[in-house]
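**Q** For reference, the structure I am asking about is given below.
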């Protein structure tokens, strides 16, 4: 495998399209999962996650067999190369489920924004990435805007705070280590996705069975409903696309950019909620905070896309037509 001395930087278009791809997938899966879990009342979110992991494994394996993509065959070194991603995934999942049930939605949204500064900090520590003062101020503006938006709902729940901050740390660490592990000389982005899903599938099935989640899924009354099955399969496909687009966005940009795109998506959903749906309750403080959040996110996007000082990127030796065309 030959490596040139100077690895080409990804184009501005590649960085932009990968970020838009991630934002779109993240938005769509929220809509589909909301329909499944709320409208249909599907009682088993863990089973839904299992379906998404199984779909990821099947799609990537079929693509590998047909030589559309490449990633290393399994050997005894793979677990060491992937560590600690599976553990971070479990921690992220458990802390996320625990925190959502103990905090109000506005406060949960605020505290989840701390994923962004945690990501910035971990990128500096683990990857050695340095950011300008303007980038740091843009990140702080997003967090400040989130606090202002939820200013009327600053409830305190120590257990909830602990879980959500753990969730932030696990999410940030997962993004940064995913970025680190995607070196084409090692696992590459497809190898990271495939083996992470493989290692997590069996433990997740065990958790689902032991908690009664799997039994609830088998007893669900809508399995003969064609529309439900279509949406369930769509959620599984979108789960794969979300994992893929997250890796792609982190690969061409950074884990920090991926976190900021997620924040911009959340604010965009709030804006849409003002116009349609009827469940947005207007308050001046909330509206001001949302605008500060969006301004910080857009400022970050402008600075990132216009910057000429980009961190080194590994040569993408696994480029396939699926990249940026999904």
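Just so you know, glycine gets a Cβ as well, placed from its N, Cα and C.
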**Q** Can you tell me if Swiss-Prot, going by its topological domain labels, places residue 15 on the same membrane side as residue 69?
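**A** Going by Swiss-Prot, residue 15 and residue 69 are on the same face of the membrane.
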**Q** Would you mind telling me which of 110-130, 131-151 Swiss-Prot tags as transmembrane segment?
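**A** Spelled out, Swiss-Prot records transmembrane segment over residues 131-151, not the other listed ranges.
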**Q** If Swiss-Prot is the reference, give me the range from 74-96, 281-303 marked as transmembrane segment.
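**A** Residues 281-303 are the ones Swiss-Prot records as transmembrane segment.
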**Q** I'd like the per-state residue tally for the topological domain 'Extracellular' (63-130) from DSSP, helix first, then strand, then coil.
**A** 45 helix, 0 strand, 23 coil
**Q** Counting each residue once, how many in the topological domain 'Cytoplasmic' (37-41) are helix, strand and coil under DSSP?
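**A** Split by secondary structure, the topological domain 'Cytoplasmic' (37-41) comes out as 3 helix, 0 strand, 2 coil.
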**Q** Which sequence-distant residues neighbour the transmembrane segment (156-176)? Criterion: at least 6 residues beyond either end, Cβ under 8 Å.
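**A** Answer is 84-85, 88-89, 91-92, 95-96, 98-99, 102-103, 107-108, 111-112, 114-115, 118-119, 121-123, 126-127, 246, 250, 255, 258-259.
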